[in-house]
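Quick look at what TrEMBL annotates:
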type     : residues : note
TRANSMEM : 6-23     : transmembrane segment
TRANSMEM : 72-90    : transmembrane segment
TRANSMEM : 118-143  : transmembrane segment
TRANSMEM : 149-168  : transmembrane segment
TRANSMEM : 180-198  : transmembrane segment
TRANSMEM : 218-244  : transmembrane segment
TRANSMEM : 256-278  : transmembrane segment
TRANSMEM : 308-333  : transmembrane segment
TRANSMEM : 345-363  : transmembrane segment
TRANSMEM : 369-389  : transmembrane segment
TRANSMEM : 396-414  : transmembrane segment
TRANSMEM : 420-442  : transmembrane segment
Amino acid sequence: MIDWYIILFTFAAVIVFNLEEINRQGFLQSIFPAVGFGMKKGTVLLWISLFTQTLLAVPIFSIFHFGFINSFFAFTIILYLAYLCVQHLTKRIQLNSRSVPTLLDAYKNRLTPKGFKFAFFILLVANLEGLILQLSIGGHIFFEYFHMPSYMLTGFAALFCFIVAGLGGMHVIYRTGYSFLILCGFILFFIPSFFYLREGIHHVYQDYGTMLFPHSPNIFLFAVAFLMALIGLLISHLFLWQVICSTKQNYKQNSVRLAFFCFSSVPLSAMIFTVYLLSRFHITTLTELGQAIFSAPFSPFIRTMITIVWLFSMLNETMISIFSLAIIFVYIFGEKWIIQNRKKYFFVFLLFVLLVLLCSTILVNHMVYLWKFYFLFYVAVSFPFYALLVGEKRRTVRVPVSGCITGMLGYGIAVCTGKFTAGLAVTVAGTLITGLAVFLTAKSKDLIK
């Protein structure tokens, strides 16, 4: 049984630790720092932006369906290609001014006014994912495996993240994330090492090799789709690009490189631990795998550590979503209006977060449709938006609209036919065609609208 008082005390201690830093520099400076980050702060913040519930869960799903060897090589290639994409975009996007919403400004410079309005809506939906999808998944896990009301988790998580990210800004996110990265880094190293040394590495992999799993034959499709979804996530990630922009010029490339290298240990640890669970409990379904992770007969200490890693990964995405919303609100209302009407701004901002939180609580029972929507959504916007950002021409509304149509078509096929693989294949093919069309028309004359 997990002692929830220990976990509540841990997160309450983080709030108390950061109280003096909340709103210390002023609201706008907490979002757009006046002084550039060094390598340590830039690397930690970028690592935080990658350490998410999704990127912790996908390796576990992959091990179950595709096996360890396939998953290991697939994730190695995918993370390396994603790193190359971010490094390439870092050179292509103007990252000189820390006082503007970097990614929004980049899209605005590459789209006509009508096209940017459409892209702005897409970016809003993308950056709400942490509040809508991740809290819904967290609430489902909380109810399913801990047998407690989901609204308790979503309420406490939203309150914690609003204090840290909404009121504290980037500096408090750094202080919070740095503390938890040290703790979670120790846990991710300790737990697999403890079980493998206790059971014996050879014995674990011998048992794993004798088991039969429902391996999917569509590994190539899912690997390509996950790479595209990861690219779609990264090129719509307002927090990530604000961190890169806020890092000093001579540290940008090294910070990105170190962040991806350090983060690669997270899916590796998750995969190794999943192999142990599969061999130890002879798991045959994903439900049993979830029960093994959260409800296995481990000691309360081990289960508490596993729960802390899961909670931190979920809270990371929620904090990032709230911070990204703050950037969007600054862009909508303007810095001058916010300074003059600070109380009104915080009231509107809090009201909007509560509205999204209510939607997240309602959508807990529709989580399957929700994660499919966001998966196909990120796949659909990946290559067209990537081609848009690496180019130098201003594009029309056709580029963001084409991405939306592709995603909606794939999602419609997946829902109507009940075959997610078919909808995913259509989305991947449509996105590749659309992205290729944007690349090939880079030198053609645009119709400015």
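Backbone N, Cα and C define each Cβ position, glycine as well.
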Paired segments the transmembrane segment (345-363) and the transmembrane segment (396-414) in contact, 3+ CB pairs under 8 A: no
Chain residues in Cβ proximity to the transmembrane segment (308-333) (below 8 Å; excluding those fewer than six residues from its ends, i.e. six or more beyond): 7, 10-11, 28, 31, 48-49, 51-56, 101, 104, 123-124, 127-131, 134-135, 137-138, 141, 157-158, 160-162, 164-166, 169-170, 173, 176-177, 180, 183-184, 187-188, 237-239, 242, 294, 345, 348-349, 352-353
Contacting positions for the transmembrane segment (256-278) when only residues 6+ beyond its ends and CB under 8 Å are counted: 39, 42-43, 46-47, 49-51, 55-56, 58-60, 62-64, 68, 71-72, 75-76, 79, 82-83, 86-87, 90, 185, 188-189, 191-192, 195-196, 199, 204-205, 208, 211, 213, 244, 289, 292-293, 296
Contact yes or no, the transmembrane segment (420-442) and the transmembrane segment (6-23), 3+ Cβ pairs under 8 Å, gap 6+: no
Criterion met for the transmembrane segment (396-414) and the transmembrane segment (72-90) (at least three Cβ pairs under 8 Å): no
Leading stretch by Cβ pairs under 8 Å, where the reference is the transmembrane segment (6-23) and the options are 72-90, 149-168, 180-198, 218-244: 149-168
